[in-house]
Amino acid sequence: MGKKHKKHKSDRHFYEEYVEKPLKLVLKVGGSEVTELSTGSSGHDSSLFEDRSDHDKHKDRKRKKRKKGEKQAPGEEKGRKRRRVKEDKKKRDRDRAENEVDRDLQCHVPIRLDLPPEKPLTSSLAKQEEVEQTPLQEALNQLMRQLQRKDPSAFFSFPVTDFIAPGYSMIIKHPMDFSTMKEKIKNNDYQSIEELKDNFKLMCTNAMIYNKPETIYYKAAKKLLHSGMKILSQERIQSLKQSIDFMSDLQKTRKQKERTDACQSGEDSGCWQREREDSGDAETQAFRSPAKDNKRKDKDVLEDKWRSSNSEREHEQIERVVQESGGKLTRRLANSQCEFERRKPDGTTTLGLLHPVDPIVGEPGYCPVRLGMTTGRLQSGVNTLQGFKEDKRNRVTPVLYLNYGPYSSYAPHYDSTFANISKDDSDLIYSTYGEDSDLPNNFSISEFLATCQDYPYVMADSLLDVLTKGGHSRSLQDLDMSSPEDEGQTRALDTAKEAEITQIEPTGRLESSSQDRLTALQAVTTFGAPAEVFDSEEAEVFQRKLDETTRLLRELQEAQNERLSTRPPPNMICLLGPSYREMYLAEQVTNNLKELTQQVTPGDVVSIHGVRKAMGISVPSPIVGNSFVDLTGECEEPKETSTAECGPDAS
């Protein structure tokens, strides 16, 4: 006999756990009739009892299964298949019963209308805005989305403030970012794709100007500029026009605008011609192949047309100005031998800086020195001139002698850790420069030069003469000549001052006290120099203006030195711009110089040669005929005269 299976505690209370409290539904239809439904209906009860009976059968089946497993082991697979089939059948029966219960409940529950949710107003407004956008705005928005995808870090999404980047507003005068560009597109401020392209370039260049090349912002701006220029290239835009509908509409609207503008400006004859040209261009573009050669040819043809039309307009304007001048202007060429050296093919030229001192006309031996001759080129990313720094390899480090004091016989006498020359060379240097006090025959270069007469000084002067082409010796001669004259002048001034003081004392006794004070004050203010006497009031005003301009120039120089001597912050590449005080002083100096130059002739300000050189005008040298001088004839004539004069005396 098999062992009787013990009933589990959970099986005893299965019925109590399975039964749930039925739900009660109260339905009001028409305001009077009330129908009550409860989940404890007959169909539901029957299904409930069926589930219980199925559960009991399932338990009995488990028991039988165990008994069979103990008795029969080989036929397990067939029994499993049968069980699976029976379980599937029971599951289907359960699902059918549950579906029937749900249908009964749906019949008693009143029908409720499901209204669609209200659409938000923002979406409708956004759709209206999208519908109202012009083809140009849609095209620009499409390009902006492509450009912003190339900025995953969102460095250029919002404007940069001085709080984020110190001194940004002082360096970058025209900031730009993606949000500002979007706002411009929304306000319809862009008239073409080229304007968007210019603003995109400005945004990237601003970041590259403010940040150093080693920063991530500089690298991100450079990468964004490279990829953005590919997106905004003509080939990419042409491909977008072929693939997107509103890009093709963009070309039509632009042509219509050009036609209306041309017709409104009064160019009726040219309007019809442009329409024909535009229609022809559209037809050619429709049948044109996308080859690069054809595109280049079409571009060249358009550029030639544009240049020819511009030249015709310029000729018409010149003719109109000549006619309106009333004979003052003519088209004939001037019969002059002057020409412009720096004249460009389009007829324009450049104006150089006017400077009265010229190396050709000015003093002999004068040579202008430019800043580029004294210093090299500025490195990229460096905002200051590099000072002179001696190379470490050129520096000589001798052996260092050590002194430990007494009782140090076995200690090392010298240290050659950092020396780059030998001990013998170090001893030679120490003996020559007089640094070693132990040697009795030590001497220095200064003592050697003092005791060896003037030969080294002559060598140094001759070397300087070779370098300056004789300028050093001339300057020494001028100094020697000016020294006795200066001494004589100082002596004369001292005697004149003493005489004036002696003259002031007796005259002061005779004159009134006010005159004494006035003369004493004049002597103090002028430091003994004679007071300036002007011929007219205009000359006095002119001199005052010059003095004021000199003072303003000094103040401007001090302000500039103060600004340029301050160390810029490390995050700034460019120098700080001029301050408000510098701008104000420069404006005052300019106004004063304008007033002064208006009161004099141009020849007093600058020479004719300087003006011509600044404008790039070259005057041909005069043709020299038989202007050579026979030196032999001139030398023979005085000999004849001398013999003629000496003849009577000799006779």
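Easy rule for this one: first residue shown is 1, then count along the chain.
Quick reminder: no glycine exception, Cβ is built from N, Cα and C everywhere.
According to Swiss-Prot, of the candidate residues Ser46, Ser53, Ser475, the site noted as phosphoserine is Ser475.
Just one residue in Ser269, Ser482, Ser642 has phosphoserine written against it in Swiss-Prot, and it is Ser482. Among Lys184, Lys252, Lys297, Lys328, the residue that Swiss-Prot annotates as N6-acetyllysine is Lys328. In Swiss-Prot, the feature phosphoserine is attached to one residue out of Ser42, Ser279, Ser512, namely Ser279. The DSSP secondary structure for Lys212 (SUMO2 cross-link) is coil. Taking DSSP states H, G and I as helix and E and B as strand, the domain 'Bromo' (131-235) has 66 helix, 0 strand, 39 coil. DSSP assigns Lys305 (SUMO2 cross-link) to a helical segment in the three-state reduction. Closest to Lys389 (SUMO2 cross-link) in space, going by CA atoms and restricting to the recorded positions Lys186, Lys212, Lys305, Lys344, Ser475, is Lys212. Within the same chain, residues at least six positions away from Lys201 (SUMO2 cross-link) with a Cβ under 8 Å of its Cβ are Leu225. If you compare Cα positions, Lys197 (SUMO2 cross-link) sits closest to Lys305 out of the recorded positions Lys305, Lys344, Ser475. The number of other CB atoms found within 10 A of the CB of Lys186 (SUMO2 cross-link), across every protein chain shown, is 13.
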